[in-house]
């Protein structure tokens, strides 16, 4: 198949950008992307078949580090604590029953450096530890602590511990649930909303009560009508206060500043946390995990991820954390080792074939060369302004790029590099194929050092 | 699989730099065809000759700069510069005029400033302005449209003769029948006549003006195509044509005997070529959409001012160059507000 993906364009309303505010668009810029979601959205979520396999469960998640509390040779049950955290660090649990083999580094598919992990040889019996029906957390502080103990991390991408986020909540006017899933190819949140809307709605109501949130809104991109319908039906059944809002099909509709602006009209200033403007944002999968933890006593040991691209059985699969990417390939019927992790905009190529699935690994695209634009040699900037037109944060990528190249740190600050959400819209729209987003990541590292 | 999102007809991907440049070349085809139809083979020869020279100079400079020659030739930007110059030069201008022009455009105006993307002035317009100032006689000897010297049928100077004229084998005096002043020139040097009298007395203004109308229409078509393909946004052309129309309407209403009507200004000279092919050059224009409105409007006003009170008949090159000069300044004051920030950053204040 010839590179079908890079089809993109300025949003048609881009032409009227001068009048964007008058037309009431919640946010400027962005791109229409060819979404390729039909590849994987056809089937129901499948569980990964239990059977003896090897898991390597990462103890680190972003800045969170758990202390291992098991030893090689020890038998662990599914859901048993294998890493101890605290109020900033997430607890880690065994995703299946088996024998601990080692505590050694492993590469997580969507992360750079290898992290410490507990390697478990599972016995295929998938035996649960006794789950005491937890007394439901009755205050926000209790819930925050409970979330840390249940290993709940944001499943949308950044993997920020849900407990830390909740602990930082002040007076909350809006609880916003992110079901935008604006990246092409990925359908795991879509599948989740279609199939498990009841749990999402229940968790949303529970969390809204604890937060004292005045309004609860879930934003879903317009290309997921079935998900919208399923969530609406659950809301009616449960008599929930949750409201569904369709988001425009414009990347990055799920970016936090865009989502907040579109759902409740507030502006999140760069560097500001949503809590500072009375908003809490949770990804729909994170909320679902919270619901499972609260109502079923299940820690976060599985995640739903999309297998798509050139494979025999694309679709969404509920896989244990720590599963090797190689095992998934067999399941998906993919032969290629050319794998892209995450969405085409924010994701990356998988370079370590022994990598495992982490909590934030949401998508594997097989045969990246067939589906995604391949790097082209960069030319010179012709100041066409497309990057500025598509930047949802209204930054000036072309000026920022020049400043990064010249190492002008002061200019980087004046041009608000810190506001860049690294969505990659600029890189995709650049006719000279300049690596804009990559250079901004570099620029941010330069500024920190 | 189609490259275009089928559900939305207007969502074309403008693509890479080489693709943008090729679209520009394609969009100029109606204009080239109209120029050739009305003014003969000279335009085609000029464009071909200019393109050959441009590729040669571009390759030579890239070699000197130790850059990959093939990669940079493929982006076709030199061809676009050559095309614009070829369209702007009088169809019968001698070969060395084009040579000087292309050398100035590619080597001096483009590469001495750092190559594609770094040149502050539109290379083709720098060359045109330099030629106009240095060789006014050659630059103002325009070709008469065929409608002036044939009552029936299409009669232009033959292809071979045109070659001979351009490359010096045939003297210009031999083809006097095929040359004339342009309408803008005629109107400027009308002596004591009112505009209405000039339109009646002058043959070019009375009978030949339709050729220029048709050429303008052809450029306009190309421009609409480029807008449709989102090679540029509407801001610059609309602002330029709008301001030119507005200011010429104002003076025409005020004193129709002394000033030409707005339609004349919109269709004569390089107005349409300038609005869609020259002013829209992103490298030398203002960048933000609001900036482009100011930039385009500035060009429109300057075109009118120079045409009416300046000492040159047409003014697009000078107007574009002057606004090129102003573009960085406009940029400083028209940057959009960063999301979440209360105020846009304006001007050169050093507050960081």
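Using N, Cα and C of the backbone, Cβ positions are placed for all residues, glycine too.
TrEMBL does not curate its annotations; it predicts them automatically.
Not measured: the values here are computed from a predicted model.
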For the [4Fe-4S] cluster 1 site that TrEMBL assigns to A:381, A:384, A:387, which of the candidates A:264, A:311, A:430 is also assigned?
A:430
If I restrict to non-local contacts, at least six residues apart, and a C-beta distance under 8 angstroms, what lies near residue A:384 ([4Fe-4S] cluster 1 binding site) in its own chain?
A:431
Roughly how many Å separate the Cα of residue A:420 ([4Fe-4S] cluster 2 binding site) from that of residue A:387 ([4Fe-4S] cluster 1 binding site), to the nearest whole number?
12
Minimal Cβ count within 10 Å, across the binding-site residues A:426, A:430, points to A:430
I'd like the per-state residue tally for the domain '4Fe-4S ferredoxin-type' (A:371-401) from DSSP, helix first, then strand, then coil.
11 helix, 0 strand, 20 coil
Hey, which bits of the same chain come close to the domain '4Fe-4S ferredoxin-type' (A:371-401), Cβ under 8 Å, at least six residues off its ends?
1, 3-6, 10, 14, 17, 27-31, 36, 185, 252, 255, 257-258, 270, 309-310, 340, 344, 365, 411-412, 415-417, 419-421, 423, 425-426, 428-436, 439-440, 443
Which of the binding-site residues A:381, A:384, A:387, A:426 sit near chain B? With a CB under 8 A, the answer is A:381, A:384
Residue counts for the domain '4Fe-4S ferredoxin-type' (A:411-440) under DSSP, helix then strand then coil, are 17 helix, 0 strand, 13 coil
Average the per-residue pLDDT over the domain '4Fe-4S ferredoxin-type' (A:411-440) and send me the rounded value.
88
Cβ contacts within 10 Å for residue A:381 ([4Fe-4S] cluster 1 binding site), all chains included, total 24
